[in-house]
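Pulled from TrEMBL, these are the features on record:
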BINDING   Q110, F111, I112, D164  (6R)-10-formyltetrahydrofolate binding site
ACT_SITE  H128  active site, proton donor
SITE      D164  site 'Essential for catalytic activity'
DOMAIN    339-416  domain 'Carrier'
BINDING   592-594, 618-621, 651-656, 671-672, K777, 824-826  NADP(+) binding site
ACT_SITE  E693  active site, proton acceptor
ACT_SITE  E693  active site
ACT_SITE  C727  active site, proton donor
Amino acid sequence: MLRTAPRLLRTICTSAAAYQHKLKLALIGQSIFGQEVYNKLRKDGHKVVGVFTVPDKNGQADPLALAAEKDGTPVFKFPRWRAKGKPIQEVIAAYKSVGAELNVLPFCTQFIPMDVINCPKHGSIIYHPSILPRHRGASAINWTLIQGDKKAGFTIFWADDGLDTGPILLQRECDVGQNDTVDDLYNRFLFPEGIKAMVEAVHLIADGKAPRIPQPKEGATYEGIQKKENAEISWDQPASSLHNWIRGHDKVPGAWTTIDGQVVTFYGSSLLDASVPTGQELAIKGASRPGLVTKNGLVVFGNDGKMVLVRNLQFEDGKMIPASKYFSADETTALELTEEEKKMAEDIKAIWKGILSNIAVIEDSTDFFKSGASSMHVVRMLEEIKQKYGGLQLQNEDVYMATKFADFIQMAVRKFRGEDKEEELVIDYVSKNMNNMTVNMPYQCFINGQFINADDGKTYDTINPADGSVIASVSSASLADVDKAVAAAKEAFENGEWGRMNARERGRLMYRLADLMEEHQEELATIESIDSGAVYTLALKTHVGMSVQTFRYFAGWCDKIQGATIPINQARPNHNLTFTKKEPIGVCAIVIPWNYPLMMLAWKSAACLAAGNTLVLKPAQVTPLTSLKFAELSAKAGFPKGVINILPGSGGLVGQHLSEHPDVRKVGFTGSTPTGKQIMKSAAANLKKVSLELGGKSPLIIFSDCELDRAVKMGMGAVYFNKGENCIAAGRLFVEESIHDEFVSKVVEEIKKMKIGDPLDRSTDHGPQNHKAHLEKLLQYCEIGVKEGATLVYGGRQVCRPGFFMEPTVFTDVEDHMYIAQEESFGPVMVISKFKNGDVDGVLRRANSTEYGLASGVFTKDIGKALYISEKLEAGTVFINTYNKTDVAAPFGGFKQSGFGKDLGEEALHEYLRTKAITVEY
């Protein structure tokens, strides 16, 4: 978000083609950040006439220097620019020799004299990681977190002789999540967006459009550099302040305290909003209450009694351990290596030697970081190990946990042997004894393979529509949770096991998940019944049964997704081969409705996963529980972390942020047409792929030559199936005049036989509406129908019993202009209109006179008439002498304002794939 000069900056296109002028630049700084700014400025056509960076450290050149030297750009490595407070003239002369028109300081730790700052024609611009004038100084990101700011951001400003006081060129900001660390903010926002903004700032200057906005005096702060000696934790403060202090120093310089007489540094903190867990007490110097070493980490207490969970601890010798292992850290005995493992250790030693070229011999005591390695080298080391030993899955955190060579080899061998497998999934359940079983329901967000509370700790109640009671208090995901889930899904897709997995292995996991869903079908159906109001027998057969079928169907597709070879004109005398590949899109957001919670999840997720994507799914706010149970089963099936993420909560918050998120490449949505339109608008901001299954007003035409009893039975199913909460429900019945009265009489007669009651009762035909607000909307719908002159033949009222029950309802004499003839009820309301005997084309015009086009149906014994009707009906699905007959192999989706794109069948796969054309000359 732009903080300054919004009118100016919002009217300027930031694509490279929009800028006409190029500059000669001097880059003064260091780090990968500086390297990325350098690369993008050169790519956009600016000339970098000189790079001024720091000297090599332990024989390792800075990344900015490496990039510039590779390109042949002049590189200067000055240890300092001043001596005894005065500029070093030789250094100044070397700088002036390059003839820069603008100095760009993306990240600079050196003090640059004003002779240099003011030398170029356009002066100098600097990147600063805070929203100036707040948090001036070198530890701005740390202080943003330490002081609990809700917003973070960066400023690009014109350098002057003050400390971060120059005029502002542009600013951008982001939200700060409750558990964000310095690394989180930097990697998610400050690094990628900062690079883009630095390049944009140079373009604005080149075109003479860069503002100079004086910094306001109000809100200005300056904080000193945070060093290890002043990062000690003060325990006499609330838990939130302790958490902010710890995360504000994570990973550098590290907040510390004294335990058992030695300095221990804390990493990976989060607020813990739960009952006090069981654990072993640990005395901490200065703390009024002992900490608790639990299975999830070290729990410490603020002076308000609230808790902070710390996941990792580092000792004075540099060794880092999971906090949960504090009392068992020294119990691990050294492994005796096999010949194969000894060879692996030698290969890893060679990789270390290649990185630590300044170290003569890699010994057991060699410390990776103390020998000069940085976070950049961690990535390189792990990638080189991965190339040699693909089955050895190591993470960045593993290196920080075992920085000495001997410890690293022990850790790597344990993982190679499979001894270091992840701990069993920790799940807090809400358990209820019902339906002759104990039902265990997860209630937290599922992110990156873990059930966790929402980042801000918020929850909401999910209600049993059968009696209005609270089933569970469910985590309500925040924007920070969305960002975490998307990041986890992106990491799993780009760098994780899932992205490397072959298609048949992917299919095996999906089959395993389907088997687990079938094993738990009664529990899933029970949860679906109490959370959505579905009659148990229907939930078991359709909600759960079709979900299992869907996963099995798409599991079979995993290794059958193919491209094609394409004949093209040859580039004579050479030959060409052109072929296409079908590739997964990436991170997909799936937003599902409340009428079939598990089945809608399956329809979209199964195709998405079969294609090789990862997903973040938002269940409907009122029906989250089967989605969270599904998450548990997916973990037990062996799906890697980050592939499946489930975020219960608000659609306006979570769904909106997912549709806008730049790292989400596809949105699959089922729900209302207005919400679908909003998703399209949001997705347009970064042109992500969208498929929408939206509202309907499906016409069902019943001719006099039909088999009447069958038409009555199917017609009732078309309206009352799943209490009318059915996207393809027949929203309007057109009954031929000669059989109209008999049809209505038979429908009412059958309705009176229906049993309304507890959805867990096997004899119940009709359960409660999904939630109270929907029931109220249906009652209002019926009131409008009566007021406009339609005849209420039956029902239209709430059933007099606890819960959200509504009588099956029948309206006749419904004219085309009436509200109930045009708008979807999404409930048990049959809307009947007559049509004249034999008026086929007339009834067709009336049936198509709607903006919706999801489904339709016709009942007649005349197959020629039926096929003619099916050709003319403007709907994605047409049923002939049946209704609600969907199958996992048949594509499903609507026309017009009922959306676009398909669920189910082979066509659904294409919604989650992209086509790449490749041409080879030989």
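Just so you know, glycine gets a Cβ as well, placed from its N, Cα and C.
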Whole-number Å distance separating the Cα atoms of K618 (NADP(+) binding site) and the residue listed as 'active site, proton acceptor' is 15
Among the recorded positions D164, E693, the one whose Cβ has the most other Cβ atoms within 10 Å is E693
Rounded to a whole number of Å, the separation of the Cα atoms of H128 (active site, proton donor) and D164 ((6R)-10-formyltetrahydrofolate binding site) comes to 8
Not counting Q110, F111, I112, D164, residues with a CB within 8 A of the CB centroid of the (6R)-10-formyltetrahydrofolate site are L105, C108, T109
DSSP puts the residues of the domain 'Carrier' (339-416) at 49 helix, 2 strand, 27 coil
For (6R)-10-formyltetrahydrofolate, with binding residues Q110, F111, I112, D164 per the record, max Cα distance (Å, no decimals) returned as 14
One finds that other Cβ atoms within 10 Å of the Cβ of H128 (active site, proton donor) number exactly 23
Cα of K777 (NADP(+) binding site) to Cα of C727 (active site, proton donor), in Å and rounded, measures 16
Cβ atoms other than its own within 10 Å of the Cβ of I112 ((6R)-10-formyltetrahydrofolate binding site), all chains, total 20
Note: among binding-site residues Q110, Q656, least Cβ-dense neighbourhood at 10 Å is Q110
Cβ contacts within 10 Å for K777 (NADP(+) binding site), all chains included, total 14
Fewest neighbouring Cβ atoms within 10 Å among the binding-site residues F111, F826 goes to F111
Between the C-alpha atoms of I112 ((6R)-10-formyltetrahydrofolate binding site) and C727 (active site, proton donor), the distance in angstrom, to the nearest integer, is 66
The predicted model's mean pLDDT over the domain 'Carrier' (339-416) is 84
Cβ atoms other than its own within 10 Å of the Cβ of L653 (NADP(+) binding site), all chains, total 18
Whole-number Å distance separating the Cα atoms of F111 ((6R)-10-formyltetrahydrofolate binding site) and Q656 (NADP(+) binding site) is 44
